[in-house]
């Protein structure tokens with residue numbers, strides 16, 4: 001890993017223009033972090049202990065929950081460490097590891113949503129085939145695909161950044177080690193670095209989004225053909241939680257992209273805050289949405305609480 005001769009770490013400066021924000025944000029971010037960890041831990045334990053939830057759909061939900069936990073733990077503790085103890089330093093290896101996890105696990109979440117959309121498509125459009133198509137083996141292969149595709153294709157991003165020569169200041173004007181924030185400190189040409197991330201990111205996220213939209217188009221078409229009383233409401237309820245999570249994930253990501261593109265028109269601290277919230281709010285809301293809207297999970301959580 002290439003590194004400058006005069007320093008061996010970066011300094012993360014959160015909200016360079018409004019550093020007094022840190023004190024006000026530390027409490028709500030801490031509460032959201034505890035909520036995210038507690039909700040996901042409860043969901044994972046419930047699915048693990050409740051035999052009735054040992055089904056492919058809930059295994060995929062467990063995968064999403066694990067990805068949320070890792071993403072949250074990768075970003076938020078360091079942010080809170082900066083807010084509480086003013087510990088702004090981060091080593092080169094830790095910075096590039098954080099960069100890899102953020103890029104790879106974000107696309108892993110998107111890919112998991114795509115697999116979950118396919119699960120709902122088969123369940124509603126081909127219910128008789130569902131038990132033979134969506135099996136435990138299918139979930140295992142899907143999990144391997146999710147990890148391998150996104151891990152391998154996003155790995156060059158931190159590798160390219162780590163091989164740059166950093167001869168400028170070591171101050172990152174961000175709370176986290178994003179590729180753009182870090183690579184700007186280099187005195188090398190970063191065109192290929194940024195181009196690779198842009199093409200890879202939009203290819204992975206874009207292909208997942210297209211397949212999700214196609215799946216729900218077929219689901220909607222199939223649902224509208226159902227004439228049995230109450231069947232439409234039942235079919236849509238099975239997709240409601242999943243659709244809400246996808247919509248929220250896509251909306252937050254879209255807002256983050258738009259604010260970064262319009263960086264010159266808005267304060268630079270706004271995209272930084274949105275980036276933090278993007279790694280915190282979905283992990284906090286995902287298990288709650290499923291827990292509230294899914295009868296089986298709600299019953300499983302109630303059984304778990306009665307055991308305590």
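Sequential numbering from 1, following the chain as shown.
Placed from the backbone N, Cα and C atoms, the Cβ positions cover glycine too.
Marked as transmembrane segment by TrEMBL: 25-45 (among others). Long-range contacts of the transmembrane segment (25-45) within the same chain, counting only residues at least 6 positions beyond its ends with a Cβ under 8 Å from a Cβ of the stretch, are 61-62, 65-66, 68-69, 72, 76-77, 79-80, 83-84, 273, 276, 280-281, 283-284, 286-288, 290-291, 297, 301, 304.
TrEMBL lists 39-290 with the feature domain 'G-protein coupled receptors family 1 profile'.
The transmembrane segment feature in TrEMBL is assigned to 57-76 (among others).
The transmembrane segment annotation in TrEMBL covers 96-118 (among others).
TrEMBL lists 138-160 (among others) with the feature transmembrane segment.
Taken from TrEMBL, the feature transmembrane segment covers 202-223 (among others). When Cβ-Cβ distances below 8 Å are used as the criterion, the transmembrane segment (202-223) is approached by residues 107, 110-111, 113-114, 117-118, 120-121, 124-125, 149-150, 153-154, 232, 235-236, 239, 243, 246, 250, 253 of the same chain, each at least six residues removed from its ends.
Annotation source TrEMBL lists transmembrane segment at 243-262 (among others). Long-range Cβ contacts of the transmembrane segment (243-262) within its own chain (Cβ-Cβ under 8 Å, at least 6 residues beyond either end) map to 64, 109-110, 113, 117, 180, 205, 209, 212, 216, 270-271, 274-275, 277-278, 281-282, 285-286, 289-290, 293.
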Can you work out the mean pLDDT of the predicted model over the domain 'G-protein coupled receptors family 1 profile' (39-290)?
89
